[in-house]
Amino acid sequence: MITRYAIDPQVNDDADVALLPQCLFLPPSSIDTMLCTNRRLRCNGKVDCPGATDEDGCDFHCGGVDSKYFPCKQEYKCVKKAYVCNGRKDCSDGSDETFEACVNVNKTIPLQHPVHVAESCSDGYRCGSEECVEWTRVCDNTTDCFDGSDEGGLCGKVCKYGTCQHKCHTTPRGPLCTCSHGYVAHGSTCRDVDECKQRPCSHACVNLPGSFVCACHRGYALRSDRRSCKALRGRLSVIYTRGSSLWAMTNHLHNIHLHSDEGTFGDLDVDVRNKKVYVASSQAKKLFEINLSGKDSTSDRITNIGIPDKVALDWITGNVYFVDASATASYIRVCNFHHRRCARLQKLPSGSKVTALSVDPSNRLMFYCTTEAGEALVWSASLSGRNVSDLATAQSCSGLTVDSFSKILYIASDNPSGIMELNYDGSPKTVFHFSKKDLHSPRDVALFEDHIYFLSNSHLSRCLLFATKTCDSYDHVINATNFAIRHESVQRDDITNDCVDKVCANVCALGPIGAECVCHDGSVSGDGTCPLVKTSELAQFNGWTYQEYRSHSVSYVLIAVVLLLFALYLCVFVYYHFIKKKNAADNMHVRYKNAPEGVTQIPNPFIEMPDAAGYALGSAAAHEFVNPLQFVRNYWQESFFKKKPISPPISTGPAWWTTALTPSHCYKRPVPFSGSIMG
């Protein structure tokens, strides 16, 4: 058993010194107060002491006893054990510099150990020497404060019922009112503490009386810790540029080559749902749209747009925002590959350089950083290039990304190395700096789930956005120029595209109160019409301007109409000269004459065939009809009997009637016929 000895303050100075055995590392058992165990058994998730006193008051949110982090007592914060008992307060309550904390990390307390004033001591007793101790150690006949102010005095005076709203503790100063967790004492009453100000949640925090509840943004769900968030569907992949190639790194840490093209690739952005990637090449002076939906990637390109540099995509309208870094006149531009239109939005000050660009379609805003004379400025503007506002000044800005739900802007800084948070109105939130030597000079930032990702040297690194805000390396990416996160959850699907029903002659952008038509020069058209532009100033899509596309489209339509008419004429010609003519050969008209009135017998059925002059109708008093049976009989005999003479049949009736209806004259080959009554 390991013990330490302390002087009992209740013993008279003239008496002998009383040596009281006390556990150094663990509280005594509730059954056997003299039983001590090894400190490694403290807060290990298993009961080792009778009464489970070795697990009382343990906080496992920092990983337990074997973790590399130490939990602060009065706040939801974890501190590296290397920083515990180092003479510097890292916990706001100074609990990382107490005797117990030093014992926990197996460090020796110096004789002149500094006393740290606790900023908050809501769950403990503030000593006269300004440190904070737990209530269970006050008036327990054991000195815990450095000045011994937690014992003696009025410890014997008990609390009266109804004195305090929540709790009452006996102290050397008399009864003291305290509040339950989540409240702060205000005299004898208690007020609710807004825990959300400490940012205990990954995404959203809802303050409740005495507590709080974490929630996740659309597309995410709470993990089992009830604080962090996980994407509901889809797999994470990182798209990055290297040289003149486009690569993808999956969550299995496999690198896949996607596309190669002319020029060196620079900044990029991803349209996740349409499986497209937009890449700028300052060297080739081109903006690429790479389609990854098929087995093999294909690309379209825009030229005559200056020198494209930084790129950001509005995935709702398909508008691609980019920086024209031309030396003579630099602009922020926007192009739409589908509609083949471009516009200049803002002319940037001469001598300034845009180092980062990001858009937020859900809030109809874009953000960018400009660097001039060693100073970085953070700007905001509408997606149509209007309402420009100077948000903040920073020492440097090497990356920019947005949280559209919380309306927070994240700015990467390489001098000093760290991440700065701003509200959309420019008010600062927090700044966290990197402690690891291998995490410095961040550039190109992106958000996903609980982390912010960035490039640092040849590594893709990330930092936790809440609680400890610790940073670590995610994967090794060799010579990556820029990167983007490809996952459905990073691009919201709950935004309405106001440009669907908007009539616009150029580029339609999402404005603050609706769709806006932006002309080539950046002006906004109210009626959707824009003035004509010189062809030499128009952007070229795969080598053609939109005017050339339109003229060629008209030509193609005319050619298609001509070809269609020719095909129709050819079909009619074939039908009339081949199909119908063949059928007409079997449809032959035959006619016979009725006997005039008063004549009862015709000696011979006479067949009249039509000729070029018409029909020989004979007498005007006669009526001519088609007699198919007689014609078929004659035609059949002529065809198969080589025109042998046919003997007239013997019959008591008229000859023409018998000839037409005799069964022996039934034909075997059906022949189509038609006729008409002529009078």
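Placement of Cβ uses the backbone N, Cα and C atoms for every residue, glycine included.
Not measured: the values here are computed from a predicted model.
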For CYS127, which disulfide partner does TrEMBL record out of CYS102, CYS145, CYS155? CYS145
Within 10 Å of the Cβ of CYS145 (disulfide bond), how many other Cβ atoms can be counted across all chains shown? 21
DSSP three-state assignment for CYS145 (disulfide bond): coil
